[in-house]
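Read the structure below first, then the notes.
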Amino acid sequence: MTNIRKTHPLMKIVNNAFIDLPTPSNISSWWNFGSLLGICLILQILTGLFLAMHYTSDTMTAFSSVTHICRDVNYGWIIRYMHANGASMFFICLFMHIGRGLYYGSYTFLETWNIGVILLLATMATAFMGYVLPWGQMSFWGATVITNLLSAIPYIGTNLVEWIWGGFSVDKATLTRFFAFHFILPFIITALAMVHLLFLHETGSNNPTGIPSDTDKIPFHPYYTIKDILGAMLLILVLMLLVLFTPDLLGDPDNYTPANPLNTPPHIKPEWYFLFAYAILRSIPNKLGGVLALVLSILILVLVPFLHTSKQRSMMFRPISQCMFWILVADLLTLTWIGGQPVEHPYIIIGQLASIMYFLIILVMMPVASTIENNLLKW
């Protein structure tokens with residue numbers, strides 16, 4: 001008798017994706033982040049669902065409803081902080097996952113990579129709208145500042161902003177629609193993640209060497225299921241350390257003050273995972289220029305496969321490219337730090353230099369480094 005997991009229409013899909021999947025025998029822990037992102041997504045949907053049961057998307061009661069969740073709902077505080085810090089864990093895993101893709105040349109799987117970029121944009125949109133929902137000071141002013149950026153679009157900008165707001169300022173209509181979109185987007189992300197996986201399984205996984213591994217494959221289960229469980233345990237350990245010991249470490253104290261349209265906080269800044277893009281936005285004195293740089297800082301990922309000039313796929317055996325990659329990582333950390341600093345000397349010039357470096361490394365230095373390596377190897 002044939003095993004049911006290989007014949008049942010639904011079980012067959014699961015089997016081919018998670019059990020009998022032929023996997024390269026040498027993939028490292030950097031390949032764990034895909035499954036960790038899946039765990040983060042499930043965790044966010046579950047905690048978010050329970051939060052939505054008690055949350056009210058009205059400007060008068062939103063802040064109070066979050067307070068009510070933390071004080072009066074059974075285990076409401078842990079659900080709320082798991083959701084808030086879960087978003088941070090989600091982005092840590094996302095950045096690691098993208099970094100892995102850049103380092104090992106996984107971006108040569110074009111469809112998988114491009115859907116990944118769409119997933120990143122959808123996740124960023126979801127996180128932004130989620131940050132608005134508690135209706136604290138930073139929620140309100142963050143929403144005002146970021147949505148206002150669309151007014152930089154020539155001719156239709158102002159109308160577009162008012163259309164998104166549902167009025168002439170961020171108000172009740174804005175909060176209600178942000179809640180609706182924040183609720184629906186994770187399910188769209190789930191569907192996109194399935195398509196992401198579908199395209200990945202068409203080609204099979206990449207591996208650290210970047211060399212095709214068709215001759216050396218092992219089944220996903222038990223080898224990588226156990227490895228993923230270890231990764232998941234570490235993820236949950238770090239998340240729960242954050243939630244139970246320093247739940248507000250990554251948040252902004254201003255968000256414990258109810259939203260007040262008449263009082264602007266001294267430093268408006270987004271959550272830490274958007275600071276690098278925020279620093280790039282602020283480093284350009286022109287509004288439209290800043291918005292374009294902000295959008296390009298993410299969409300530049302789409303260009304990466306076309307900027308690949310090396311004869312090798314992975315950076316494993318390319319020391320000059322490795323240097324460029326780690327300079328890029330340092331540059332992104334610098335931008336993240338600058339994004340959280342006030343707009344004054346010397347932060348302005350550091351931010352501008354780091355922003356120029358960011359685009360220069362990806363568009364010029366990395367392709368040049370690859371060409372130099374090709375010549376050194378006489379390829």
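Each residue, glycine too, has its Cβ placed from N, Cα and C.
Features of the protein shown, as given by Swiss-Prot:
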BINDING   HIS83, HIS182  heme b b562 binding site
BINDING   HIS97, HIS196  heme b b566 binding site
BINDING   HIS201  ubiquinone binding site
TRANSMEM  33-53  transmembrane segment
TRANSMEM  77-98  transmembrane segment
TRANSMEM  113-133  transmembrane segment
TRANSMEM  178-198  transmembrane segment
TRANSMEM  226-246  transmembrane segment
TRANSMEM  288-308  transmembrane segment
TRANSMEM  320-340  transmembrane segment
TRANSMEM  347-367  transmembrane segment
Problem set entry | Cβ contacts under 8 Å made by the transmembrane segment (347-367) with residues that lie 6+ beyond its boundaries | 279-280, 282-284, 293, 296-297, 300, 303-304, 307-309, 321, 324-325, 327-328, 331-332, 334-335, 338-339, 341
For this session: Work through the binding-site residues one by one (HIS182, HIS201) and point out the residue whose CB has the fewest other CB atoms within 10 angstroms.
Result: HIS201
Exercise. What is the interatomic distance between the Cα atoms of HIS97 (heme b b566 binding site) and HIS83 (heme b b562 binding site), given in whole Å?
Worked result: 21
For this session: Quickly jot the same-chain residues contacting the transmembrane segment (77-98) by Cβ under 8 Å, restricted to those at least six beyond its ends, or write none.
Result: 30, 33-34, 36-37, 40-41, 43-44, 47-48, 50-51, 66, 69-71, 116, 120, 123, 127, 130, 235, 238-239, 242-244, 247, 250-251, 271-273, 301
Problem set entry | C-beta crowding around HIS97 (heme b b566 binding site), within 10 angstroms | 21
For this session: Whole-number Å only: compute the distance from the Cα of the residue listed as 'ubiquinone binding site' to the Cα of HIS83 (heme b b562 binding site).
Result: 30
For this session: Taking only the Cα atoms, work out how far HIS83 (heme b b562 binding site) lies from HIS196 (heme b b566 binding site), in Å, as a whole number.
Result: 24
For this session: State the count of C-beta atoms found within 10 angstroms of the C-beta of HIS196 (heme b b566 binding site), not counting that atom itself.
Result: 21
Exercise. Just the number: how many Å between the Cα atoms of HIS196 (heme b b566 binding site) and HIS182 (heme b b562 binding site)?
Worked result: 21
